[in-house]
Amino acid sequence: MTNPDLRTRRRRLGAFVGGLAATALAVTMALPAAAAGSTLQAAAGESGRYFGTAIAASRLSDSTYSTIANREFNMITAENEMKMDATEPSQGQFSYTQGDRIVNWARQNGKQVRGHALAWHSQQPGWMQNMSGTALRNAMLNHVTQVATYYRGKIHSWDVVNEAFADGSSGARRDSNLQRTGNDWIEAAFRAARAADPNAKLCYNDYNTDNWSHAKTQAVYNMVRDFKSRGVPIDCVGFQAHFNSGNPVPSNYHTTLSNFAALGVDVQITELDIEGSGSSQAQQYQGIVQACLAVARCTGITVWGVRDTDSWRASGTPLLFDGSGNKKAAYTSVLNALNAGGTTNPNPTPTPGPTTPPPTGGGSCTATYSEGEKWGDRFNGVVTIRANSAINSWRSTVTVRSPQKIIATWSGTPSWDSSGNVMTMVPNGSGALAAGQTVSFGFTVQHNGNWTWPSVTCSAS
Ligand code: G2I
């Protein structure tokens, strides 16, 4: 929500400056500070872009890590927790516990989520590695459908297919069990993903596709052009952007991004890291940010981890924060490049607000929504009320979107507004909670085709 607020602030500030010529100097000097984002997400938001990071669920309990992640980033990718081996460890048995830890953390902190990844030759569960032919094709499509359906409404962009092209000069598809099911496996995956989650942007994601003159870049470009010409549902191309001295940031990166964007897809930098240190690393980061900001449809940048020590290649110190959580020179160059601006993303996706607005007055409480069971026609939701300080009682609202209907509730007493979309829940009994204490109530929503999750608030007395 940084953008609209900021624009309003700037307009107001502009009017204020006009009306107060005598104090113009002081006010004008205040302006750049107001316009410059002091975090990566705020600075990227100035041009309608997001700035993201990969998150590992196991690190969320490290407060240095989660504090930086929460402050700096507004797009979250699960580093491993939503991959095929994590989400379908046994065929037909899906496991979302680790993925949900990340998605819930992101949503509770008002962040969006990139889904990574629905179909990939790597990190397949053991049962899938041994499959081939029609059985594998069907298993892959079922996986795409199930996982995208489970997360429907919560994903900004999905990496539908990851790393399907070979390295080197062949320009060929990568050989894999999925490729051997037939060349159309990629478009089949995209069609299944669109049917399962029509509102998520669907991306093809790969590495070594940064240099415009490389055969792999050309091959992916040709596939995307072909998909667009035949109406295969693709919305975006992810450039992983893992760089080191053997694979440096190419000088033609801007050409690559703008040529892909000209096909009518968004481009996103999805897994950025650059091995190195000091000003050399900082300059390369700056070049990447500038290339993205020069392309209106380059809609956001994600770095592949928070601190150097969190990286999959920690010894290369490739990230923006050192192992102690200090900002590196690379951080400052990225922030400055974002604040220097460029083109504006014409179609930014608004970042959702936190699950609960900040409490007002008196003792306060926080409401957190979590998912319960799901069926074809309905789903359960649970709201946990937490007293931030001691409270005498609480009220919580649950807003559902038409044509959804709440058809059952438990552990509270509901009442309804005239639209029927806003339920106010009050406690059965006293409602008094000590600081830090929690209590939960639940409800069943008949979704009638709308899978948007309810929003919840809490107020305390
Ligand atoms: O390899 C870097 C990235 C390239 N593009 C696709 C990404 O999904 C990929 O991410 C990395 C993760 O950063 C690693 O964390 O993917 C690796 C696996 O392909 C991840 O490594 C795995 C190890 O292989 C496992 O042994 C380990 O249990 O990380 C797991 C969790 O630490």
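Including glycine, each Cβ sits where the backbone N, Cα and C put it.
TrEMBL has this to say about the protein:
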ACT_SITE  E271  active site, nucleophile
COMPBIAS  347-360  compositional bias 'Pro residues'
DOMAIN    34-337  domain 'GH10'
DOMAIN    358-461  domain 'CBM2'
REGION    339-364  region 'Disordered'
SIGNAL    1-35  signal peptide
The mean pLDDT across the domain 'CBM2' (358-461) is 87
Just to be sure I understand the packing, how many Cβ atoms besides its own are within 10 Å of the Cβ of E271 (active site, nucleophile)? 24
Going by DSSP, how much of the domain 'CBM2' (358-461) is helix, how much is strand and how much is coil, in residues? 0 helix, 58 strand, 46 coil
Give the helix, strand or coil assignment DSSP yields for E271 (active site, nucleophile). strand
